[in-house]
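J.: This is the structure I want to talk about, given as C-alpha cells.
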Amino acid sequence: MADDFFIVQGLGGKRTLVGELPVRGSKNAALPAMASALLFDGALTLGNIPLIEDAGFLGDILEELGAQVKRGGNGDLILDTRKVNATALPREIAKRMRASVILAGPLLARFGEVSFPHPGGCVIGNRPIDFFLEGFQKMGAQYEEAKDGYRLRAPSGGLRGTDIFFRQPTVTGTETLMLAAVRAHGATTLRNAAMEPEVVFLAELLRAGGAQINGEGTPTIEITGKDKPLRVPHKTPRVIPDRIEAGSFLILAALAGKDILIKHCEPEHIRVLIELLRTAGVDIEVGKDFMRVRPPVRASESLGKAQVYKSFGIKTHEYPGFPTDLQAPAVVFLTQAEGEALVHETIFDGRLAYAKDLSAMGANITLWDAHRAVVKGPTPLKGRELHGPDLRAGLAYLIAAIIARGKSVLHNVRFIDRGHERIEERLRAIGVMIERVKN
C-alpha cells in the first residue's frame, strides 16, 4: 500500500509562524519503558506515551506474545504482561522496527530464552547488535545465528550478574542489558554505558518498581539483580519529553518563527543545541519546561529584514554532546546561516545521504566522505519532490520544505509518523501550510 504524503507550501524564507508547539513524549524513552512491562507483577500504566507508529508496532508485538495492551486517557498506556507465554518475536512486525530488539533483555531474563529476526528500522548505515549478544554471553547465555535471525538461551540457573564494558557507548545496548540485569543473579556493572536522558528515565522507572540500580547518567551503572518481578509503582511514570522533537522545533522556530513558544519540553536535555544557536544569534528564552524564540532584527534595518544567523560547526557525539538525531535538522539551519561550517557525523555511517536532496533544493553542501560535509550559506531553498530516507532526515526535509520558496511534496511520511505524533496538526496550528494526503 502506498504511503501518505505531505504537501507543503513554503514560506520563501519569511519568518511568520506564531503560536505554541507542544512537545510529545519521547519515542526513545517510551519503547524501553513499554518493554520493561515484562518485568512487572501487574498491569503497568505509563503516561505521556506518544501516538506514534513505533509505539503501536511494539504494542502489537507484546500482544502477539500474550500481553494485554490498551490506551487510557491523556496519553496513558496500560500494559499487562502476566499472561505472556511466548518468547519468539513475530517476524513480520519485528522486522519493521529495529527497536524491537529491546524486548530480548526482559524476555531472556524472565523466560530463559528468546528468538528474534534480524532487526529492521531506518536505513542509516551499520548498527550491529554485537553489543547485545556479547553482553548476554557474559551473563551466561548462548546464542545461535541463522539466516533469518537469532535464538538465545540463558543457563539453567538463569542469567548471572557480570562486568560488561561497551567498546563504545550504546543507548539501546545499555537499556537492553539493564533490563536483563534486573532479573539476573548477582551484581552487574555496565561500564562505558550510555548517559542519555532516556537511559536515566528507564533506570528511574525500574527503581520505582524495586530494582536496585545506581549510577545512571554516568558511564558506570551498577545493578543488583533479583529473581522476582518488580512491583507496579503507585504513581504513574510519565515518559520524558522528546528532546529530538524539541530540538527540531527549536531549529524551525529560529528559521521561520515570528514568536514561537515550545512547551512541555526539557531544555536541559538539548543544552548543546541551545548554546550553539545562541552563538549563531538566535534569541532563545529558556524556562524549566519551555523555550520561546523571537528572531532578532537589526535596529538599523528600516525594512524589518530579519537578521542573518552566523554559521557554526557540528561534531556529533554521545550525550551530552551534539545528538546525531539532530544533525540533519541542524544542517538545514546551516544552509540559512552566514559562513562555512564543517559537519562531522561520528556515530552512524551513511547519515549524510540526505545532503543530495538538500543540494537539489539549492543548498551548497559538499560531501567530503561518508562522515563529513561542508555547508556554505546562506542559500535560498526551492520546493521540490522529496523522499525521506529515514525518520530524522524526513523531519529535516519537512523543515526545509517549510522555509523553501514554492511547493514541496514529501513522500515516505511513514518515517516521520514512526517518531512524531500528528506533526502536521501541530505545525498547521502555528501557520504552516501543510496537508496530509492519504493513500
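Keep in mind that glycine also has a Cβ here, set from the backbone N, Cα and C atoms.
Source: prediction; values computed, not measured.
The following feature annotations were taken from TrEMBL:
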| type | residues | note |
| --- | --- | --- |
| ACT_SITE | Cys122 | active site, proton donor |
| BINDING | Lys27, Asn28 | phosphoenolpyruvate binding site |
| BINDING | Arg98, Asp325, Ile347 | UDP-N-acetyl-alpha-D-glucosamine binding site |
| DOMAIN | 15-427 | domain 'Enolpyruvate transferase' |
| MOD_RES | Cys122 | 2-(S-cysteinyl)pyruvic acid O-phosphothioketal |
J.: Using a 10 Å radius around each Cβ and all protein chains in view, which of these binding-site residues has the most neighbours: Lys27, Arg98?
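T.: Comparing the binding-site residues Lys27, Arg98, the most crowded Cβ belongs to Lys27.
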J.: Where does Arg98 (UDP-N-acetyl-alpha-D-glucosamine binding site) sit in the DSSP three-state scheme?
T.: helix
J.: Average the pLDDT scores across the domain 'Enolpyruvate transferase' (15-427) and report the rounded value.
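T.: For the domain 'Enolpyruvate transferase' (15-427), the model's average pLDDT rounds to 93.
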J.: For Asn28 (phosphoenolpyruvate binding site), which residues in the same chain are close in space, meaning a Cβ under 8 Å from its Cβ, but six or more apart along the sequence?
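T.: Within the chain, Asn28 (phosphoenolpyruvate binding site) has Cβ neighbours under 8 Å at Val171, Glu196, Glu198, Asp242, Ile244.
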J.: In this structure, which of the binding-site residues Asp325, Ile347 has the fewest other Cβ atoms within 10 Å of its Cβ?
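T.: Checked Asp325, Ile347; of these binding-site residues, fewest Cβ neighbours within 10 Å: Ile347.
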J.: What does the structure give for the C-alpha distance between Lys27 (phosphoenolpyruvate binding site) and Asp325 (UDP-N-acetyl-alpha-D-glucosamine binding site)? Integer Å is fine.
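T.: Cα-Cα, rounded: 12 Å.
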